[in-house]
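Pulled from TrEMBL:
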type	residues	note
ACT_SITE	A:GLU106	active site
BINDING	A:ASP9, A:ASP105	Mg(2+) binding site
DOMAIN	A:5-187	domain 'UmuC'
SITE	A:PHE14	site 'Substrate discrimination'
Amino acid sequence: MTRLILHLDLDAFFAALEQRDHPEWRGLPLVVGAAPGGRGVVATCSYEARRYGVHSAMPIGEAVRRLPPETVYVRPQMARYAEASRQVMTALERLSPVIEPVSVDEAFLDVTGLERLIGPPEAIGRQAKMLVQETVGLTASVGIGPNRLIAKLASERDKPDGLTVVPSETVQAFLDPLPLTVLRGLGRRTAPKLRALGLETVADVRALSLEHLRRLLGAHQGTRIYQQARGLAEDRVEVGRSRQSISKETTFPEDVTDPALLRETLRWAAQEVAYLARHGGYQGTVVTLKIRFRGFETHTRTQTLRMPTADDRTLFRTAWALLEAGRWGARPVRLIGLGLSAWAQGLDAAVQPDLFSGANRSGADWSGANCSDVNRSGATCSDANRAPVTPTETRLNETLDAIRARFGPGVIQRGGQRRRP
DNA sequence: TCTGGGGTCCTAGGACCC
DNA sequence: TCTGGGGTCCTAGGACCC
């Protein structure tokens, strides 16, 4: 049976939200991302900025070089964006309850059968865009097709504020002239392998045999590309997919050799990850340490624990032990971070929300307390309403403030948004 | 140009067991 | 003396995506 899959993508989401809330920024090039002069990239930029060739993931320095002086630079406020995203997703549920958000600004909906209620696919698409406009006052681009790949490519066809429907009969004609990089999995590394053979478009890829593609890209990847080139892809939309891992990492404004600062940063990451895990009802058994040295050389080390945990001290101790076991010496560190994954069977958030966070609801006052002996169930000082800052965080903030004082404001990027006293 | 942060999934090798 | 095949788990790295 042919399904009808709808993909919706909010146009320049972060930038559009900033311009919505700051009328004085409308019509100007606007960049959401790292501070100019800092060590980061563009997260999103307004369409006015895109005219200068600026795009997501471009190093901020390069963006500054290209953009005119009147450009507005803002730091991401993820909490605000997440809230708007939730509003959008909730509104779209009224169109179809079979919805799978894939990121903060994108979702797939299975709208199979809605034609009887609403009308042709175009009418369903218009309905989706209207819901977004009414809810958050933003435009979205919508694509509709028989599977996720086609729906997604259709939404990219006509941006911003576009609506493209690709019926099954026209899938191949739609796909054939597109550059081969539109296929999922043909990126920076893999695409050149095919270009080396003189291939440019999806039609060119379709000329290769399954065996040839499997030899070139590996059995799994080769098969997937072979199918995608023929318009065949996943058409299931998974409701309530739960996450597989939680991580926190940070790039220092300047490479760090001081072990104390690495320790404090790792402790901060452990607290953040543990906090998120407990509030999501997760306990994980695999701890990952991530470290990136000067020159961008990146390593990961993992350890599988005997017992699942969401305790920040366990995460920190495990990660620190991994770091010491790495024997990397005193090389300048660019980035450090920590992750938790491999949830205890049957205990993820979808099944047992908040199973592990009950102990955190006591309302006890941890502020300024020594949190080393709170309890064994995962509660620590970093919970209690999040308002009091932990001693660890205070120390980290002091260190980061010192760096700010040396390198100027705005250079410190710490992932996510949080309440600060 | 000099590369964020948060993710997902895959591969490949080695250990270990039957 | 030399040497199996399969399954599972763990680990490191990498490609890719938004």
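Even glycines carry a Cβ here, placed using N, Cα and C.
What TrEMBL annotates, mapped onto the structure for a quick look.
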residue	record	Cβ neighbours (10 Å)
A:ASP9	Mg(2+) binding site	21
A:PHE14	site 'Substrate discrimination'	26
A:ASP105	Mg(2+) binding site	22
A:GLU106	active site	19
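When secondary structure is read from DSSP and collapsed to three states, A:GLU106 (active site) falls in the strand class.
DSSP assigns A:ASP9 (Mg(2+) binding site) to a strand.
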